[in-house]
């Protein structure tokens, strides 16, 4: 979501925007991984923020992160409701929202494994869709496909219409804010590390695969989209993914892509349910959240933190009409999610050749 708008803002230079952000976040995640593995008692970045910088850092990092995911989760529920109404136009907003929340909470209350299973299948849908888009786009370019308007698919579209920076330096920088939001959730690699069987092997493997994923799912996809459809022809409010498949003449293209974006929103909401409950659990253990949230259920999940989320979507009424609330969410969360990144870089600087100056377990 939002790829059409970023292309219209920055043109082909958006490719460099994603590459720069991805490059920086890779090293941030390397720092986070090093910090997490320095003390296996750490459950999330708020733990080592408290340990290395002080309780204030853990407090602000944890609560800021929790609040941002709550806001994002409510917006995701709105998005899922809108996508569901594509097939069921008469479906009531509150019925769809309640059904989504209950379903996600029920699955997360079961076991930690269920979260992983859901994310696996959600991710699989996105991977298949993006790989299909890249393959179809490359075939169209190789066959010199012509659109109904007579425009031929070609890599030359990337530089022929105003060069790589058609909107100038201002357009280039304008693309960063929305593009940064596309990477929200990458920090979950660290949040979930505490509940993996072998974090010393799985965490480095997950982090080291980030560059490949960024190149494939962001850079390659954008190159193909702007080669098939000139960037100046991309409509900001329409998904360029849908438009590409429509050009091919794929039957039910709108329904297929609607299913893909629905699962993408569901994946984001599912990640929010997981991360907020774990963060609240950690904050309660540190004494900066009600102690009631510091207990695990018989299934070893923070049930009370999860149940709290059932009541929060009541605030979704503040999210009306889709696009305005998505823009507000992007501007708000851009800063909120950025704060843990700044803190991560700050307390990574207290390391001395890979060993933290303070090594005590979190309180």
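Placement of Cβ uses the backbone N, Cα and C atoms for every residue, glycine included.
It should be emphasised that the depicted structure is a prediction, and the values quoted were computed from it without experimental measurement.
Checking TrEMBL for transmembrane segment across the ranges 165-189, 290-314, 315-339 points to 165-189.
Transmembrane segment is the annotation TrEMBL gives to one range among 62-87, 244-269, and that range is 244-269. Highest Cβ contact count with the transmembrane segment (210-232) among the listed stretches 6-28, 124-145, 165-189, 244-269 falls to 6-28 (criterion: pairs under 8 Å).
Of the candidate ranges 6-28, 124-145, 244-269, 6-28 has the most C-beta pairs within less than 8 angstroms of the transmembrane segment (165-189). Within the model, the domain 'Amino acid permease/ SLC12A' (1-309) carries an average pLDDT of 80.
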